[in-house]
Amino acid sequence: MLGLTEAEKIKICLQKQVNSSFSLHNGFGGNLYATEEKRMFELVKPKAGASVLNQSTWIGFGDSRTDQSNSAFPRSADVSAKTADKFRSLSGGSLMLSMFGPPGKVDYLYQGCGKHKVFYEGVNWSPHAAIDCYRKNWTDIKLNFQKSIYELASQSHCMSLVNALDKTIPLQVTKGVAKNCNNSFLKNPALYTQEVKPLEQICGKENLAFFTLPTQFGTYECKLHLVASCYFIYDSKEVYNKRGCGNYFQVIYDSSGKVVGGLDNRVSPYTGNSGDTPTMQCDMLQLKPGRYSVRSSPRFLLMPERSYCFDMKEKGPVTAVQSIWGKGRESDYAVDQACLSTPGCMLIQKQKPYIGEADDHHGDQEMRELLSGLDYEARCISQSGWVNETSPFTEEYLLPPKFGRCPLAAKEESIPKIPDGLLIPTSGTDTTVTKPKSRIFGIDDLIIGLLFVAIVEAGIGGYLLGSRKESGGGVTKESAEKGFEKIGNDIQILRSSTNIAIEKLNDRISHDEQAIRDLTLEIENARSEALLGELGIIRALLVGNISIGLQESLWELASEITNRAGDLAVEVSPGCWIIDNNICDQSCQNFIFKFNETAPVPTIPPLDTKIDLQSDPFYWGSSLGLAITAAISLAALVISGIAICRTK
């Protein structure tokens, strides 16, 4: 083509595409222009109510509102049939009723296993139940009972009511009853009385009894028992014994003789009030399996005959659902207070009064909505609600306790953006890419890329950059290693700064709960900032990675055109060729530049980006690392979608 005149020469280039509608994205080793951009993650909003992390590893404990055997089910229920099947429930029951067994009340054997335990019960022992038995108001005992249940349940996989403890009682006592207990008494503790004969023995004999907490109850292993240590409280010695006998005492000892519970008015003062009727107090004891003794002053013996047994094998979430009556019945809020004062317990509360569908007390629509999440699996459960989206960020701080892969609080504008839509690489600047410098295209070369990114928990991994021929451009092994070294160093700097900040915060810890909550919030904010910083570094490396990969693909594309042209076209600059219009007509040019039009012009897809966080971002900044794999997929015959610019 040396003899061609200027009129016979035609210059064909890839058309310039970049204009003011493109945005520039800077990265490590290369930059990109893009028609669109999007945030690496969107903010998620938690859904109010309860959910679970795994449908196969949770269990519920309930009453008529979760009881499938109730004659009004499902209208009587606050959960779906699917969820009700996960509950151990009986209408009229509650864990506390089964623990104490007041006369005339439902006595249900609560037992079951699950990593996550959901409690929706308690209303059946409330002021409306009007249970007396030497105590007009049981709310404080209920509060301590529920709190102990939640605490031990959070540390156990299995729990069970033990409704019959082995015991040995003294011969001089017999089962007693009380007028203020429906002329009966509780099943636990059992009341034993001693008849005193004034002529023979004015004061009676001291009572000595024994009970055994088993290591196993049926198929349930027992590492720890919840035992109610009950005793009477007298205002004065005279109220207890008008005959002038000794002081009142009811004390529990372990096998070594150590006092583990009870009251001893021989060393502790009476209340000093003016009442003439005792009240009963019950303390919640956490005791190991073994043989225990009970010593009491004459006349009365309160004997532990039941317990709740826990295997203490697995820590897990606990959810307590507010259990209150509808209109016309008095409720207490012991469940609420117990959960809020127990670490690891998430409380589900209503915002409106209970309004039932089946009756005033069964089938509340608001509660159904709050518990509908139990039908699904969530990535995160917290006091603020549950989340099943994959984003690591939420607009507002999620209140603890929280479990799973919980998002961190962040502002939308702080989340890094990645290029989207049509992508155009700029000239590379990475000094580790040594060849082919002369082959790297400029900003006006158009290409389409599909990106898939997966972030997994395994340490920083390698990049998949597509094919790279020895004669082509792109990133070298040394370049990739240096890129990873840089991102690794930068992330370590971020994490080091975060750890320093946490150490400073540790110095400010006080023993009050608010200070600890404030500290937790500040630590989480530091982790959020560190994660955002890490994502910024990842974004920059990904942009550079895409840019270099696209540059390589463009070089390979130009090489293919040059090879097809042979002597019919001369490459005068990257992406531009001179041809003889007389020798190579339109069909010839179609063969060279449009591959004989055998490939259809593709519909230009947007950048397809997916980022999945497999580790818990709440703990990022510790020993967990990040691994990134990125793959670029290009259309096989991209040239068919590229416009041609002709000049003479």
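Glycine is treated like the rest: Cβ placed from N, Cα and C.
What you see is a predicted model, and the numbers here were worked out from it, not measured in a lab.
Between CYS222 and the candidates CYS133, CYS158, CYS309, Swiss-Prot annotates a single disulfide bond, the one to CYS309.
Of the listed residues CYS181, CYS203, CYS245, CYS282, CYS282 is the one Swiss-Prot pairs with CYS230, by disulfide bond. Out of CYS181, CYS245, the record in Swiss-Prot bonds CYS203 through a disulfide to CYS245. When ASN54, ASN124 are compared in Swiss-Prot, the N-linked glycosylation site annotation sits on ASN54. In this structure, the glycosylation sites under consideration are ASN137, ASN388, ASN545, and the one with the smallest number of other Cβ atoms within 10 Å of its Cβ is ASN137. Within 10 Å of the C-beta atom of CYS309 (disulfide bond) sit 27 other C-beta atoms, taking all shown protein chains into account. Here is what falls inside 10 Å of the CA of SER64 (active site, nucleophile) among the recorded positions ASN137, CYS222, ASP359, HIS362: HIS362. In this structure, of the glycosylation sites ASN54, ASN182, the smallest number of CB atoms within 10 A of the CB marks ASN54. Among the recorded positions listed (ASN137, ASN182, CYS222, CYS245, ASP359), ASN137 has its Cα nearest to the Cα of CYS282 (disulfide bond).
Take the Cα of ASN54 (N-linked glycosylation site) and measure to each of the recorded positions CYS222, CYS245, CYS309, ASN388: the nearest one is ASN388.
A 10 Å cutoff on Cβ-Cβ distances gives CYS222 (disulfide bond) a total of 23 other Cβ atoms nearby, all chains included. Long-range Cβ contacts of CYS230 (disulfide bond) within its own chain (separation 6+, distance under 8 Å): PRO189, GLN250, MET280, GLN281, CYS282, ASP283, LEU302, PRO304.
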